[in-house]
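Q: Pasting a structure here, questions to come.
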Amino acid sequence: MSKIIMEDISVEFPGVKALQHVDCDFEGGRVKALVGANGAGKSTLMKVLSGVNAQYTGQIELDGVPVEIRSPSDAKRLGIEIVYQEVDTALVPNLSVGENVMMEYLVYGLGKGGVIDWNHLHTEAAKTLENLHVSLDTKQLVSALSLAQKQIVVIARAMLGHCKFLILDEPTAPLSVEETKNLFELVRRLRDKGIGVIFISHRLNELFEICDSITVLRDGQLIKTFELDEKTTIPDIVELMLGRVYNEAIDKSGRAIGGVLLNIKNLADNENRVQDICLNVRSGEIVGLSGLVGAGKTELCKTLFGAFGRQQGTILINDKKVRADTPAAAVKAGMAFIPEERRKEGIVVGESVMENLSLATLKNHARILSLLNHKSESRAADTKVADLKIKTPSIRQRVGLLSGGNQQKVTIGKWLDSGAEIYIFDEPTKGIDVGAKAEVYKLIVDLARKGKGIIYASSEQAEIMSLTDRVYVMYSGRIQKELVTADTNEAELLFYSTGGKNDAEQN
Amino acid sequence: MQNKTKSFSVGRFLTEWGALVAIFLSFIIFSFTAKSVFFSWANMITILRAISITTIIALGATFGFAAGVFDLSFGSIATIAAAFSITFMAWDNIPMPFAILLTLLACAAIGGINAFLVIKTHIPAFLATLGMMFILDGIELTYSGGSVINPKVAPAGKTIMMAIPDLFNRLGKAPLIIIIMLICIILVELFQHQTKHGRFLYMVGSNAEAARLSGVKVNFYRTLAFIMTAVFSGIGGILIASRAGTVAAGVGGSFLMPAIAAVNIGAAMGGRNKPNAVGTFVGAALIGVVENGLYALSFPYYAINIVKGLILLVALIMSNYANKEN
């Protein structure tokens, strides 16, 4: 059996120590889990192993021989293959399964004439798929496949070389239960053939099913490597992943939590991205939406705001049933949305600060024949810039030239005079610096002080703990658990986020 | 005044006001080189008259460019409008005001179909309107039987019901055609830069998703853009008919490219960096002045398009430079 030993691996980016002196080994014929919270260093470690991250220090040994992995082709030559979560980026949709599996042959193996031996291509591809015990027509177009099938095509391609180690980066996140089961069977078969599988997943309960051992990373350091047996429990792993408990103190005083402002019953979108959503928000209350990346938080926010079109279920605002099947209708019903993808969905980067600040409320500045009152528009913009402390040389500045934190303030600012009662924030502190984060928190608390209802979606448990009053934990597009923030902790949030069900399972 | 964070630079000045500078320079050059023909009041009127149809059709195109939907069918819409307006009167005996109104309504409907195709079927606008272009050209050819529509000569199976009113013929001549153009420029400029709807049109063009998630009805503004493009092409088409008195097949198509050029030459004007009415007029004027001057110099007719192409390329390179500097 082959064996990789990584010793004293460190990776440093400007200002960030992504990995610090990590020792880790992987063996053929075994499945090893790699877990850690967001930013723990899992991806960085795997990027080192797959040659994507060439700037590492430390030694790597393969079967006792020191090796250098400084490019993806180095890794391939050594038999290390990686399948990323976004399989679509690795496939050419309008080519056939056979062509995608045999990509290597098409790119490097054609010889001088450049003539494709279609017979060879399809028989080889079919043979590879057969070895994996999957039946897929090699002449079918990849664009017609399901996500799970696409994954198999990528894995099949990886198997074509003399693959010794296969890294699967969150392979089950987009899969259904049945598809996950099939994938696990495939993984077991690969393991039995002597291939070492490295399995990255946030779904901790899955690990017990498929993994032999587990390595936990936190803040770029290796915390512990151990065999997975019956004695290990999800809370044990969660504790190792989190380690410390930290609370940034946020002043949330001066709020009066009143009656139910927003009440959602059995909400679902038209493509079942989210299902059976029941939640409520009181005035002055900050309600968290917790969950891992891909749990459906963004989808819930967008469904509620009408961005996916007509929903199922009912939305009540102030006990009145409202229609919110388009964003325009949602705005009218009293909602405001600060989306996760700020530059793509929140602001119009090419336009001025003023035009962005008035985007949601331009009708306030329109007179007869919808002629604009430029004076009142710029006055309103000046006020917002002063109130939110937006750092910009002028309200005519293009908003794309501002820093991330100031762009986020503009995104929030456009709603301030909209009369919205409910503010939906989706990862509003993503990609902005610590100082700006604190300011955004303060803005949100200020809104709550004015009696607004706040929904705050975040995949950072620490943020949920320090900012919210109540929290709904999401898993797989559903609400897994409702918790009162004061009575819970990060470990419990993570427990439910990773698919934990109830207290009985913890034993 | 606009707050300029950067100090004055020659490059920036040229990109923002280059079209005006170029018109000014062309004026001086042609005034000296072709003094007797070019520099006269009558010739100025000729230039304005010559660019008026291009300008009006191009004004329509600014709506599409502003909202980020590229309409390729507007030249053919102009042809249809020309054919409809004249035949509604000559063949169908519809009084002039109603004939014009009906023509414009038909154009608006075509714009609406374009919008429907692009919004509901998600075909790229460029291709959907390419299809529409062929269909419209085909409809016009079928309608006219493939020959030039002459309101004085009835084709087989038709009778001439009404002589074209004198007022209709005057619409396409100076001074009326120039006045119509100026009114259109003012109206479009007011709409695009002084009203809420104009602002949203640009916002949709800049970032449709951000606009949508701010509560802007994106599809409404895309539809509006297609309809406005079609209506202004319709006005242009009616003026084509009125100026020539007859309608040749595909006559509107010859305005497609000059109009696109005018919009894009004018987009960089005044540092706006987006399609706008006044800039479009300046763009059309630049092309018109150069074309007229070259005629006055007896420049070979067939080579004039080479110069037009060069003007467009220089304008685009300059506005690209402006975008980079930002």
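We count from 1, first residue shown onward.
Cβ atoms are placed via backbone N, Cα and C, with glycine included.
Heads up, TrEMBL stuff is auto-annotated, nobody curated it.
It should be emphasised that the depicted structure is a prediction, and the values quoted were computed from it without experimental measurement.
If you look up TrEMBL, you'll see B:17-34, B:46-66, B:72-91, B:98-119, B:174-191, B:220-241, B:247-265, B:277-295, B:301-322 marked as transmembrane segment.
Help me see these features in their spatial surroundings.
A: Nonlocal intrachain contacts for the transmembrane segment (B:17-34), taken as residues 6+ away from its ends with a CB within less than 8 angstroms of a stretch CB, comprise 265-266, 268-270, 279, 282-283, 285-286, 289-290, 292-293, 296-297, 311, 315, 318.
Sequence-distant neighbours of the transmembrane segment (B:46-66) (same chain, 6+ residues past either end, Cβ-Cβ under 8 Å): 74-75, 78, 125, 173-174, 177-178, 180-181, 184-185, 188, 192, 198, 201-202, 205, 224-226, 228-233, 235-236, 239-240, 243, 252, 255, 258-260, 262-264, 267, 274-277, 280-281, 283-285, 287-289, 291-292.
Residues 69, 71, 73, 77, 80-81, 84-85, 88-89, 92, 125, 128-129, 131-132, 136, 219, 222-223, 225-231, 233-235, 237-238 of the same chain sit 6 or more residues outside the transmembrane segment (B:98-119) yet have a Cβ under 8 Å from a Cβ within it.
Residues of the same chain lying 6 or more positions beyond the ends of the transmembrane segment (B:174-191) and with a Cβ under 8 Å from any Cβ of it are 45, 48-49, 51-53, 55-56, 59, 62, 197-198, 232, 235, 239, 242-243, 276-278, 280-281.
A Cβ distance under 8 Å defines the sequence-distant neighbours of the transmembrane segment (B:220-241), meaning residues of its chain 6+ beyond its ends; these are 52-54, 56-57, 59-61, 63-64, 66-67, 69, 71, 74-75, 77-83, 85-86, 100, 103-104, 106-108, 110-112, 114-116, 118-119, 171-172, 177, 180, 184, 188, 197, 200-201, 204, 247, 251-252, 255.
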Q: Can you work out which residues elsewhere in the same chain, 6+ from the ends of the transmembrane segment (B:72-91), have a Cβ less than 8 Å from its Cβ atoms?
A: 57, 60-61, 64, 98-100, 102-104, 106-107, 110-111, 114, 126, 129-130, 132-133, 136-137, 139-140, 143-144, 149, 151, 154, 158-165, 168, 229-230, 232-238, 240-242, 246-247, 249-256, 259
